[in-house]
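Annotated ATP binding site per Swiss-Prot: Gly559, Ser560, Ser561, Gly562, Gly563, Gly564, Lys565, Ser566, in sequence order, evidence recorded as sequence analysis. Annotated domain 'ABC transmembrane type-1' per Swiss-Prot: 211-491, in sequence order, evidence recorded as sequence analysis. According to Swiss-Prot, the feature domain 'ABC transporter' maps to 524-760. Sequence annotations record features per position, and here Swiss-Prot assigns region 'Disordered' to 81-104. Under the heading transmembrane segment, Swiss-Prot lists 208-228, 252-272, 324-344, 350-370, 429-449, citing sequence analysis as support.
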Amino acid sequence: MNSLLRCCLIKPINIKNTTSFINKLNPKSIIQKSNNYNNINKNILNKFKDSSSNYFINSNKILEICNNNNNNNKYNVNKRNYSSSSNSGNNNNNNYNNKNNNNNNESFYKKFENSFEIKRIKDILFIIVGTFVIFKIYDNKIGIVFCENEIDKETILNDPYDKIPNEIIVELKDSAKDDNIIEESDEDDGIKKISSFKLFFKTIGNDIWLFGFGIITAFFSSWVGLQIPKVFGVLIDCTKNGDSLQGPAIQAIFILLAQAGLNFLYSTMISVACERYSARLRSTLFGAMLEQEIGFFDQNSTGDLINRLSSDVQLVRSALKHSVSLGVKSFGQIVGGVISLILISPKLSLGMMTILPTMVSVGTFYAGWLKSLSVRSQRAQAQSTIVAEEAIGNIRTVQAFSNQHYESERFIEKNQHSLALSTESGVQIGIFQGVTSLALNSVSLLVYWYGGTLVSRGEMTGGQLTSFIIHTMNMQSSFSQLSILFTQIMSAMGGMQRITELINRVPLINSNQGFKLRELKGEIKFINVDFKYPTRPHVHVLNGLNLTLKPGQVVALAGSSGGGKSTIAGLLERFYDISNGDITIDGYSIKQLNAKWLRSRIGIVSQEPSLFATTILENLRYGNPNATEDEIIEAAKLANAHQFISNFPKGYETIVGERGVQLSGGQKQRIAIARAILKNPQIIILDEATSALDSQSELLVQTALDNLMKGRTTLVIAHRLSTVQNADLIGVLSHGKIAEFGNHNELMNHKGLYYKLVQRQLSQQQQ
């Protein structure tokens, strides 16, 4: 069960002359029960009734709650020890009296004075323990907290939830019983750290059976292949002894046919399983990318992320396929070959085995080095991919500035670094394979020399030596395949490490947590908001911002470029979490609300709308996938887009091109407005929606925007101040705060920052 605490000072209280009181008390927030018991959930308080002293948490008890911003804004009990004189009637020595206060302030102080009369240590312990239990049971999320360092020193502003003069009250509001809350979810979206090994089994799913049967079939193929050298040895001995060759020849034919069939089966099963696995892995990785917060994409380039989806997954798929199809068979041939060699000639086998420890040691030494080198090479390759993606994605800009040579040089520079690392990796692989080949050839020479010696002594037959040599050659081939496969596996492990890191990354903003509201009115409040971008942690974009938008109100933001206007729009959609303060919608903190649900209730039209390289119809349906054709046409008409769409030869089936390049700016804007209308949001954000249009297009777009804004809370961000004159209220941003706030006429008469901005733009237009 969750509960929401709201602490509010109902009447503005002048505390200009109470510096000593503030310095003495220095509260971050004081939450105290009113004498009006109807404002308190009595059932909650009765649970913590002290039966021995018959005390309640009431006006004689203080609950001090600290808003800890470093702990996800959850409340913690601040264990301060407030005490007063043992004589409750003696108020002469009370440090909070101020002779200069008027009668109203004296009455205010007496209430605080009486509140701190805690006579016994038992009462203090009762307060601390009781408060801790309350907030443990009710798992408080966030409330409106007055902190001394976050409010005006002279005036504490009221919050109009309950109209009781001069009272500080607590409202314990059980969110689970709130009729406006229709769903609450604490799901973590299954985002848990998982090893690469577990990720494999989770991703391959039911295809693990197909994968397993493929492995078993590969082992059978290896076992069948081990019979071939034995049959060839028998054929040689039969020739020498004059025996019939028909039986061994037929046996050899059946063995070869069986091996071919088994090779087909295991290769097909493993290939199908690996292709399905790579498709699921790519989907899982892409899903993990989409769940990340916007700050993650600010810190990671598009090219690098695309490289993980393509190159890294391809490396893993290829290595997995070859490691099973070739690796399992080669491993089976090596193990079976060793057993067969021992059965044929223990002496010759013992001599050959002396070199195997050297081969294993060399392979182990190179394993870690090749893996780290592979990771570095893949990252360098990703950098060259980034340059290529940027250049091709902005090819019109590149060609407009005739910078093809410059972009080519950038790509060559990044590619050279990737080439150097790839070359180093190739050299190391060559060394490894050369050493492996030397070891295997040494084994072959040993077999030929010592085997011939044993045949001359009569300890082996010619057929046995032939069988032994064929087994040795098969083992040599298997070792060569494993050495090549080993380097592929090391590269794949580097790619898998990058994939697993991203899948395991827990987004800083979980879009699936929080509750949804049955009805969204659209009241928005920014309360003492501080914000810094993750990529610029030392730059304060917003600093103590306070802003209120009432339901259905149109509020415009003006100010110089880079002042934080678009940042406010991003924070409202919770693309980022604020550093300090709070943002509330209909009285609920934005951190409590389900982010996906919230964004589905917000429509945005930006200066450069993002359209997908598909049809106009599909772009419109992005606002509402379930919209009917009639609803789409009606939305297009309201956005003044239906006429120009109908004039296209293919109408709504017209392809708009990548990012809508085949449409004009005004056409893209009107499609974006129609898309927002289909979304039917309660809150609208217009981020410089008409600043890049000509006067004729602006008139059409502005008419469409007027249709969109009807009855909806609207936040308008504009550089051209002529577009915001009709707004209900205008806020002027300066140094991360609202410096001026009012309608157009009020701000012009004030002749402050807004007046200067208007005059500056008028003079620029005249010039």
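Yeah, the Cβs are placed from backbone N, Cα and C, and that goes for glycine too.
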Highest-contact recorded stretch vs the transmembrane segment (324-344), from 208-228, 252-272, 429-449, CB pairs under 8 Å: 208-228
Check: same-chain CB within 8 A of ATP site center, minus Gly559, Ser560, Ser561, Gly562, Gly563, Gly564, Lys565, Ser566: Thr567, Leu733
Under 8 Å by Cβ from Gly564 (ATP binding site), counting only residues of that chain that are 6 or more apart: Phe531, Val541, Leu542, Leu545, Leu733, Gly736
CB contacts for Gly562 (ATP binding site) [other CB atoms within 10 A, all chains]: 10
Overall pLDDT for the domain 'ABC transporter' (524-760), taken as the rounded mean: 86
Position of peak Cβ density within 10 Å, selected from the binding-site residues Ser560, Ser561, Ser566: Ser566
Mapped DSSP class for Gly563 (ATP binding site), helix or strand or coil: coil
Nonlocal neighbours by CB distance (under 8 Å) for Lys565 (ATP binding site), same chain, sequence gap 6 or more: Leu557, Ala558, Gly559, Asp687, Ile717, Leu733
Spatial neighbours of Gly563 (ATP binding site) that are distant in sequence (at least 6 apart) but have CB under 8 A: Leu733, Ser734, Gly736
